[in-house]
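Report on the following structure.
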Amino acid sequence: MTTIDEVPGMADETALLDWLGTMREKQPVWQDRYGVWHVFRHADVQTVLRDTATFSSDPTRVIEGASPTPGMIHEIDPPEHRALRKVVSSAFTPRTISDLEPRIRDVTRSLLADAGESFDLVDVLAFPLPVTIVAELLGLPPMDHEQFGDWSGALVDIQMDDPTDPALAERIADVLNPLTAYLKARCAERRADPGDDLISRLVLAEVDGRALDDEEAANFSTALLLAGHITTTVLLGNIVRTLDEHPAHWDAAAEDPGRIPAIVEEVLRYRPPFPQMQRTTTKATEVAGVPIPADVMVNTWVLSANRDSDAHDDPDRFDPSRKSGGAAQLSFGHGVHFCLGAPLARLENRVALEEIIARFGRLTVDRDDERLRHFEQIVLGTRHLPVLAGSSPRQSA
């Protein structure tokens with residue numbers, strides 16, 4: 001039995017949600033044995049994510065011997081973050097993202113074309129779809145796509161018990177160094193021969209009057225590549241799992257595809273791919289009246305915030321028709337670090353679900369298939385999701 005002092009693993013979702021509910025009620029701000037502070041309630045999580053002056057995104061502040069990674073946008077605070085984000089923001093405007101829909105649909109149909117009655121959703125669609133799209137945006141060749149999965153898989157497999165452990169920072173660097181070296185080589189190529197892609201835009205850009213060097217551009221590209229495919233890979237699996245648990249929504253989506261965006265949004269709240277986000281304190285502060293010292297790590301539980309009854313009515317019920325009452329689901333972050341690629345992730349998952357329904361009607365999770373595997377840490381979702389293609393809801397009515 002999990003105690004209040006033990007954080008359950010991501011693979012046991014029931015135990016994790018029970019623990020988060022207990023913490024929201026009994027210890028909404030809590031320090032673990034590693035000295036990391038955890039925040040569980042929606043209002044408090046939102047406050048931490050919004051206040052970048054007090055809660056920095058740079059984890060190296062509290063890791064002995066670590067130094068900031070130039071260009072790693074999700075670890076950079078304003079005002080540098082604002083300037084760096086502006087470099088690629090035009091690639092993520094609503095119009096630009098909307099223009100990607102035909103390509104996303106073509107890729108999705110192509111990937112599903114050879115799927116049989118039984119297949120692994122992650123291998124067939126959830127991984128290759130977002131990798132293809134983000135790699136094309138960056139200008140990376142198809143022959144390298146499989147390698148990206150190896151790198152991201154190695155990253156989420158790193159044992160991360162103590163996030164302040166200097167050895168952990170070294171292990172992360174060991175995993176990311178080959179990816180960064182690969183992207184650094186691509187940056188050098190684009191600097192010599194620029195094209196119409198995000199890497200070319202990065203190497204030619206100026207931030208505060210100076211050009212980004214290849215290391216900064218490569219680190220920025222690393223962040224875009226990893227975030228650009230892990231989120232959709234995990235989210236699409238979570239959508240199918242959730243609809244499998246609530247099958248009436250397969251029929252509702254088939255009858256009215258206009259409901260699909262709300263389904264995607266509700267799954268984001270219900271099962272966020274990244275259930276927690278970390279910050280570090282720049283000064284002594286308080287959260288919900290609890291003193292927190294300077295230079296410590298603060299772990300905000302987005303999954304818990306999204307299940308907070310003070311923010312969402314009946315939060316443990318999956319309800320795509322719910323009205324938030326003004327409370328935001330925080331799965332893409334909040335404030336200046338709100339995920340740049342959120343519109344792309346929403347579009348990819350909407351199109352993917354539309355095409356799944358058009359081809360199969362519905363999918364059923366094959367729980368007896370030994371390939372079914374959940375991530376143990378970092379992300380909430382399935383590494384492999386075996387599914388069975390169902391008959392069309394219109395045919396089985």
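The backbone N, Cα and C atoms fix where each Cβ goes, glycine too.
In the three-state DSSP scheme, HIS74 (substrate binding site) is classed as helix. Taken from Swiss-Prot, the feature substrate binding site applies to HIS74, GLU75, GLN278.
Under a cutoff of 8 A between CB atoms, and with a sequence separation of 6+ in the same chain, the neighbours of HIS337 (heme binding site) are LEU49, THR52, SER57, HIS74, HIS81. Marked as heme binding site by Swiss-Prot: HIS81, ARG85, ARG279, HIS337, CYS339.
Sequence-distant neighbours of the region 'Disordered' (307-326) (same chain, 6+ residues past either end, Cβ-Cβ under 8 Å): 17, 20-21, 24, 40-43, 242, 245-246, 249, 259, 262-263, 265-267, 269-270. Sequence annotations record features per position, and here Swiss-Prot assigns region 'Disordered' to 307-326.
Annotation comment: Swiss-Prot describes 307-322 as compositional bias 'Basic and acidic residues'.
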DSSP helix/strand/coil residue counts for the compositional bias 'Basic and acidic residues' (307-322): 0 helix, 0 strand, 16 coil
Cβ-centroid neighbourhood (8 Å) of the substrate site, HIS74, GLU75, GLN278 excluded: SER57, ASP58, PRO59, MET72, MET277, ARG279, HIS337
Spatial separation of GLN278 (substrate binding site) from CYS339 (heme binding site) - C-alpha basis, Å: 14
DSSP three-state assignment (helix, strand or coil) for GLN278 (substrate binding site): strand
